[in-house]
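Asks: The structure is given below, and queries will be raised subsequently.
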């Protein structure tokens, strides 16, 4: 349940960055000096060649990241039924820092000399459509899987009757033990696609999410196998068929 704090921070911080970037792109407002200093520290050349698609891609991905945080916050507050498990203080602090850093990372993909571009319809590229469609698809499945997990601890009337673990089934649970982790990876991959495939920095973020979610999924998979003798043998830990 302490993950809720991560999404509160993400919604507030990334929403703040999204407002600044929106103003810079469409209202001609200059980015704050501290953002420009951050660009310079990270080696972003403010005079580099850039395209309107690059600007729109960054704005779109930051929007998707903020929407993802809003949904996850809503799920933590009103969908998920948490047990009494705890989180290590180091992991907690790292999580808070991560959700602030990931939005800042996205903002730094835009040159500091942002300017008003073409009409919005002229900036939309094919990979924006593919990325957004994949984002929606993965987000829907992640939500369904979280609802399935929550329902395991509820009665048919919706009352919480247990905080213990049970074997989930349905949707992507038929293939993997932790489909909500797999969906998280797909969401970040969809953002990489929305950036046009070529953004190396964001692919590094994707690799972090891959290893982080894979580790958590393997530990969860081993827990299921250890505690439930009838656990389906065909299910993989994280990625279907892998």
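Even glycines carry a Cβ here, placed using N, Cα and C.
In case it's useful when we look at the structure, here is the feature table from TrEMBL:
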DOMAIN    126-242  domain '3-oxo-5-alpha-steroid 4-dehydrogenase C-terminal'
TRANSMEM  12-35  transmembrane segment
TRANSMEM  81-100  transmembrane segment
TRANSMEM  120-138  transmembrane segment
TRANSMEM  185-211  transmembrane segment
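What's the neighbourhood like for these features in this structure?
Replies: Here the domain '3-oxo-5-alpha-steroid 4-dehydrogenase C-terminal' (126-242) has a mean pLDDT of 96 out of 100.
A Cβ distance under 8 Å defines the sequence-distant neighbours of the transmembrane segment (81-100), meaning residues of its chain 6+ beyond its ends; these are 1-3, 5-7, 9-10, 13-14, 69, 149-150, 153-154, 160, 163-165.
Residues 52-53, 55-57, 60, 64, 68, 183, 186-187, 189-197 of the same chain lie 6 or more positions beyond the ends of the transmembrane segment (120-138) yet place their CB under 8 Å from a CB of it.
Beyond its flanks by at least six residues, the transmembrane segment (185-211) meets 53-54, 57-58, 60-61, 64-65, 68, 102, 105-106, 108-109, 125, 127-128, 130-132, 134-135, 137-139, 142 of its own chain at Cβ-Cβ distances under 8 Å.
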Asks: What are the DSSP helix, strand and coil residue counts for the domain '3-oxo-5-alpha-steroid 4-dehydrogenase C-terminal' (126-242)?
Replies: 74 helix, 4 strand, 39 coil
